[in-house]
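Report on the following structure.
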Amino acid sequence: MVSAQLHFLCLLTLYLTCGYGEEGKFSGPLKPMTFSIFEGQEPSQVIFQFKTNPPAVTFELTGETDGIFKIEKDGLLYHTRALDRETRAVHHLQLAALDSHGAIVDGPVPITIEVKDINDNRPTFLQSKYEGSVRQNSRPGKPFMYVNATDLDDPATPNGQLFYQIVIQLPQINDVMYFQIDSKTGAISLTPEGSQELDPVKNPSYNLVVSVKDMGGQSENSFSDTTYVDISIRENIWKAPEPVEIRENSTDPHPIKITQVQWNDPGAQYSLVNKEKLSPFPFSIDQEGNIYVTQALDREEKNSHVFFATAKDENGKPLAYPLEIYVKVIDINDNPPTCLSPVTVFEVQENEPLGNSIGIFEAHDMDEANNINSILKYKLVDQTPKVPSDGLFLIGEYEGKVQLSKQSLKKQDSPQYNLSIEVSDVDFKTLCYIQVNVIDINDQIPIFETSNYGSKTLSEDTAIGSTILIIQATDADEPFTGSSKILYKIVQGDTEGRLEVVTDPTTNAGYVKIKKPLDFETQPVSSIVFQAENPEPLVKGIEYNASSFASFELIVTDVNEVPVFPQRIFQANVSEDAAVGSRVGNVTARDPEGLTVSYSLKGNMRGWLKIDSVTGEIFSAAPLDRETESVYRVQVVATEVGGSSLSSTADFHLVLTDVNDNPPRLAKDYTGLFFCHPLSAPGSLIFEVTDDDQQSLRRPKFTFALGREGLQSDWEVSKINGTHARLSTRHTRFEEQVYNIPIRINDGGQPPMEGTVFLPVTFCQCVEGSCFRPAGRQDGIPTVGMAVGILLTTFLVIGIILAVVFIRMRKDKVENPQSPENKPLRS
């Protein structure tokens, strides 16, 4: 009140010293004006001084004054009470100037008072408890319920901008939040983890504590409120149906219902997504979720179909993830056997013995493999010519093996036979044809043009696929038959299979190529022996001899190579409490040239490890800490000793297993806990604890107790779950002060760790539900004595000014005796 009076007197002094004849910031002529005033200001605050000219002698103020706004005769406009924006945000007034008879001589003009907002209202939830439900596997980010709070402050200013957040989720499994809230709208939805993991069988309900703050949640001085949210988890019936089987080429009337999907609530709009972009797409869905096949399907064209069913709301937004629909097309026997080629050609030597296999004949059926519809039977139905007799050949009924059945063949009887083969499945038959060419007997062996191809020197880094030698053998048997075709193989000197020989079918030349990398260290010199042979067997009495063999010497030269690790990543596990100097792992590398290898570490940023440069053994060099780094990664460098000092690297990962070496602690800062004094009833507060050790898949199991004897009569601590507890008062007789309550917490580990934390709980007077702390003495703010001095000084200045004014007026009367003020009144 004193400060308000001082403010009013200062303004009055300013008006008096400035004079009424000059227009300034605080005074001016009568005209339409708009003023902005913060709500909550002390009363008797001067707003403006309006000035007018004779014959006006006073003012009249009308409109939405609400008994608050007044105007003095000299035009001082002020308010008598503190303004409240929530009661009226804008006051529309009318101001007129009146003469001595009360008649309007100027105006009225509109005067607008805009009440500016201050943060004098706390946000309040519309309900102290909300209840909602959500289906498992619902789409993350899609709201399933809202919490709403109101704040009477101006929503266009930060004072009325609300910020929602989830403070506690119970239960909270593995520190994973299953729910999220839109900080501006209060919309609650599932997180991606919640969409995947919520299961009504495991946890049918969850409890949330939600807070709302004004000032957009950005100020420490913002007001807040909390509410409780109970959420039940409902089973999701939006599930993919079992795979569907449809028999191909159905003659039933279409469309045919094959399966159904169903959204959890009525009103969903269903559609199918053609994943494979088939045209036309042979499936449809109605608004009951029934899925139909719209036309006959062909298994040979496509043996299965995969597409998706979607459910959307009335705005076309997806309600959940699409469901995969799998349709398998069941085979029917609708395809006859087919021949792989118009004519299959086999060769047989003269005089081959009875029963020899000539070849394996194969046909194909497009019906489903390993199915009765695709099992084929073979039958020989004709032989041309029938010389020297019919029935010279036979074929296996199922395997298709063609053999000589009566006697050996002679080229002079017929150089060629044509066989007709009937191939059949359950319902169909097809004729295929085999041509059997009778060729000269294989009585000539391949002969190399030289028995020694000398030597060749190559570096060990010669590219794979390079041709290093061409060898040649000849065969005097009938050209372009199996008796004269030559195949080359390496029979000696290449046990690792580093080389291969490819035959030119026209010239029978053999191209020797590198198949695998050469290696100087394992085989610097190779004595290679080639053999040339025919695919057709030699006649009895003829054997391959030295003419069918040739030799070659391959010399491999060294290329200096980096040391080689047997693997790219080495990994070891060790307990974080391992003693300094403990052996934690070992790495090895080999230098291809046989040089000694030296080991060193790279990227050992924390200095936790050291390595034996000779053996590659790795030891701890400092205390390890899993909470600082659970997997410590370094690189091991292997360097040649001598030579070119080439080096290579491998990764070493040290996985630290946890030791229960961290005591429990509060999960966050709890310095803002308070109760309004005096307590009307016993109250309680919820707090959360954690520790820095690795949490197992099971939830933490902290236990709680008061940390000092004698507190049990005033306080009680009770466990909510493995991480949360409730601190409750046992009575209401607490003094207005801060209580630091010790809480003893045990983590139940092996070995168990115990810690004592202190919860500061303040008992204080409350204003609008928040703790009110009166401000102390601050520099720059006047004391009561100073205020009295200022007040007396102000009165003194006013007295001097008034004296000057009266003296000047008296002087004017003397100098102007006929002025209107000095004329006597007429009778």
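Using N, Cα and C of the backbone, Cβ positions are placed for all residues, glycine too.
Note that the structure is a prediction, hence the values are computed from the model and not measured.
Pulled from Swiss-Prot:
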SIGNAL    1-25  signal peptide
DOMAIN    29-127  domain 'Cadherin 1'
CARBOHYD  N148  N-linked glycosylation site
DOMAIN    244-339  domain 'Cadherin 3'
CARBOHYD  N249  N-linked glycosylation site
DOMAIN    340-448  domain 'Cadherin 4'
CARBOHYD  N418  N-linked glycosylation site
DOMAIN    449-565  domain 'Cadherin 5'
CARBOHYD  N545  N-linked glycosylation site
DOMAIN    566-666  domain 'Cadherin 6'
CARBOHYD  N573  N-linked glycosylation site
CARBOHYD  N586  N-linked glycosylation site
DOMAIN    667-776  domain 'Cadherin 7'
CARBOHYD  N721  N-linked glycosylation site
TRANSMEM  787-807  transmembrane segment
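Positions of the features from Swiss-Prot, shown on the structure.
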{"residue": "N148", "record": "N-linked glycosylation site", "DSSP (3 states)": "coil"}
{"residue": "N249", "record": "N-linked glycosylation site", "DSSP (3 states)": "coil"}
{"residue": "N418", "record": "N-linked glycosylation site", "DSSP (3 states)": "strand"}
{"residue": "N545", "record": "N-linked glycosylation site", "DSSP (3 states)": "coil"}
{"residue": "N573", "record": "N-linked glycosylation site", "DSSP (3 states)": "strand"}
{"residue": "N586", "record": "N-linked glycosylation site", "DSSP (3 states)": "strand"}
{"residue": "N721", "record": "N-linked glycosylation site", "DSSP (3 states)": "coil"}
Cα-to-Cα gap, N418 (N-linked glycosylation site) vs N249 (N-linked glycosylation site), nearest whole Å: 38
Contact between the domain 'Cadherin 7' (667-776) and the domain 'Cadherin 1' (29-127) (3 or more Cβ pairs under 8 Å, separation 6+): yes
Which of N545, N586, all glycosylation sites, has a Cβ with the fewest other Cβ atoms inside 10 Å: N545
Candidates N249, N545, N573, N586 (glycosylation sites) - the one closest to N721 (N-linked glycosylation site) by CA: N573
Distance from N249 (N-linked glycosylation site) back to N586 (N-linked glycosylation site), taken between C-alpha atoms, in Å: 65
For N148 (N-linked glycosylation site), the one of N249, N545, N573 that lies nearest, given that the glycosylation sites are compared by Cα: N573
Spatial neighbours of N573 (N-linked glycosylation site) that are distant in sequence (at least 6 apart) but have CB under 8 A: L654, V655, T657
Distance from N249 (N-linked glycosylation site) back to N545 (N-linked glycosylation site), taken between C-alpha atoms, in Å: 63
Long-range Cβ environment of N249 (N-linked glycosylation site), under 8 Å and at least 6 residues apart: A296, L297, D298, I332, D334
Cβ atoms near N418 (N-linked glycosylation site) (within 10 Å, other residues, all chains): 14
Count of other CB atoms lying within 10 Å of the CB belonging to N148 (N-linked glycosylation site): 14
